[in-house]
Amino acid sequence: MKAKLLVLLCALSATDADTICIGYHANNSTDTVDTVLEKNVTVTHSVNLLEDSHNGKLCRLKGIAPLQLGKCSIAGWILGNPECESLVSKKSWSYIAETPNSENGTCYPGYFADYEELREQLSSVSSFERFEIFPKERSWPKHNVTRGVTASCSHKGKSSFYRNLLWLTEKNGSYPNLSKSYVNNKEKEVLVLWGVHHPSNIEDQKTIYRKENAYVSVVSSNYNRRFTPEIAERPKVRGQAGRINYYWTLLEPGDTIIFEANGNLIAPWHAFALNRGFGSGIITSNASMDECDTKCQTPQGAINSSLPFQNIHPVTIGECPKYVRSTKLRMVTGLRNIPSIQSRGLFGAIAGFIEGGWTGMIDGWYGYHHQNEQGSGYAADQKSTQNAINGITNKVNSVIEKMNTQFTAVGKEFDELEKRMENLNKKVDDGFLDIWTYNAELLVLLENERTLDFHDSNVKNLYEKVKSQLKNNAKEIGNGCFEFYHKCNNECMESVKNGTYDYPKYSEESKLNREKIDGVKLESMGVYQILAIYSTVASSLVLLVSLGAISFWMCSNGSLQCRICI
């Protein structure tokens, strides 16, 4: 009986078996990502795909300074407003920066035809050659070219006029019919500008042009218009009741433009041979110029980023991330960050069967923890970790490469008569923007889900790799761990980790220990049965003795009468 009780105690006492566990890395990261199924999943590592910062400045784009118009508008610059004289020497630029409320535009009031289209054309120009299309001194010998000035275009307190146009007036009491032509021999597009004067009364018409009825004709291969001055009283603007309407055309190489008029012509003086540049553009911004370089400029400021998306501004110039309306686009590269809970012991129970990661394992994503007579320790599985890193890095780079279509996105211009078209364009742009934002967010959600599943799969594969080696030389204890049926020193542990575990070498020892443990279990069951029988018999005897004693007492005091019949 004593021997059986000893076996029972041995079976119930704890044994320090050698163990090896499969686990994953955890750290103190607070990065969170979203997936298709979950929000704010804490992960060990992630990368941000959304740029949301800028420097608030206008910078050189790829080393080339922008054309900063300052207080001048595109119209004031290209016509040559005297207050924009400092811009005359500018020949090349990376982009054009205009302030929202430019003071110096058309100094003499009037309508600028197709102004928004001209802005669109100039937005793709990175340099031009400014030249005299009709030299002032010799092109108009029968007309006055110096008296055509106005107080509305004053410069330094004196009446003046545009630097790229000439106001032709009568000379010696007459204004002869004129005909002037120019052949484009520049081998590139030439921008030609002119104007038509509309006096406020017939007296001004006669004084300036010496005739009541006049016309202006402009003809090229692609342009053909005849203008008749409209003489009428108008409200004064900048002190002028008259108006000048401004026109322009692009002259193709080899083409000819012909001007004919008998009055009211604001003639071209300088024209522009244009050089197109796909990286150029026009932005409207209050940002100041700074000594800085960038690859991407927005009206808000410069962006120096290689990320595929930005939420700073939809208008961009240069090699820029794509604009989306998102506030967060973060792609997971690591694992779920779930450090083990200390109160549950070292080995918790990712991958559906391991509760927490190991902060102690810092040299890899997946690995092992072992415990034997020589001690315990962590070791990363470098092969699976490196394969995962390579796969995820390639995936992130691929996503960035596919989505990082860097481009210039300039705003579109519409005049006041095109409001319906402008509103429609905004709706179309908003629709595309919504689609891009949805695509970007969905892409990140799907890839995050796949990455976390990928990590789970890798941990499971590592677990199965160990399980297939150990077979019945160890038992699963349900928390990502195996308990050996044999002694496993550090050399043995290393063989399990590197996949060279010698199963036959340890199978005999494991078999004996398994049988011993199974035998202890059977003996334990026998002991339990004997104890149960003894306990039942003893309980019955105690019950019978108690009943006999009670009966004897009751008979002796007359409370119970006993009759024995034979």
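Here the Cβ of each residue, glycine as well, is placed from N, Cα and C on the backbone.
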Partner cysteine of CYS153 (disulphide bond, per Swiss-Prot) from CYS84, CYS107: CYS107
Cysteine from CYS320, CYS481 that Swiss-Prot links to CYS296 by a disulfide bond: CYS320
From ASN40, ASN557, the one Swiss-Prot labels N-linked glycosylation site: ASN40
Alpha-carbon spacing, ASN304 (N-linked glycosylation site) to ASN286 (N-linked glycosylation site), which is rounded to whole Å: 19
Set of same-chain residues at least 6 away whose C-beta sits under 8 angstroms from ASN40 (N-linked glycosylation site): THR32, VAL33, ASP34
Same-chain residues at least 6 apart in sequence whose Cβ lies under 8 Å from ASN144 (N-linked glycosylation site): LEU168, THR169, GLU170, LYS171
DSSP-derived structure type at ASN498 (N-linked glycosylation site), helix or strand or else coil: helix
Confidence summary (mean pLDDT) of the topological domain 'Cytoplasmic' (551-566): 57
When distances run from the Cα of ASN104 (N-linked glycosylation site) to each of the glycosylation sites ASN27, ASN28, ASN172, ASN177, ASN286, the nearest one: ASN286
ASN104 (N-linked glycosylation site) in three-state DSSP notation: strand
